């Protein structure tokens, strides 16, 4: 009969100490390395995001400056005094023509039998680039003062010649012609920005025609009538 004897004694085995000082030191070093690596990676990401944000801000600033420059250039174009004055003159001319048409249509001018003929004659014979800014009939309608503006000085004699075709203007001659190029005032906004800015000449001429021929004829007729028994 055989018998087996167990000679193995677990207590005699060499045990591994996982929590030894060396292992703890290695674990601590590994943890520190991971923390440092994570910090470096996070810092790099933050720097990249900051750089992208600065580039976007610079682009936005550049675009904003370009938009402001274009807006200022466009505003300067719109604020050109000569163009603004010319546009205002054209609009004023159109408005006056419309008012004349309304007056003739509605008979609101008082003595329309005497005045409407003049208004119609002025409107029919007026050439392009010349417009009437006002007129005055003095006395019994024999003295006529005609005010206007034109882009070309030679249009005024042409207008006078064409007016002679009208029956209402027969016998009338314009004895006085005054013509000058006015100076445009400097707008307040431009004057504040540039105090040395000087007034500029207008792109048009102002003229005044004065007729007194019929006044003498009327005086002669009155004198002749007074002498008739």
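Cβ atoms are placed via backbone N, Cα and C, with glycine included.
Source: prediction; values computed, not measured.
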Of 188-208, 209-229, the range TrEMBL labels region 'Disordered':
209-229
Which range of 21-41, 42-62 is transmembrane segment, per TrEMBL:
21-41
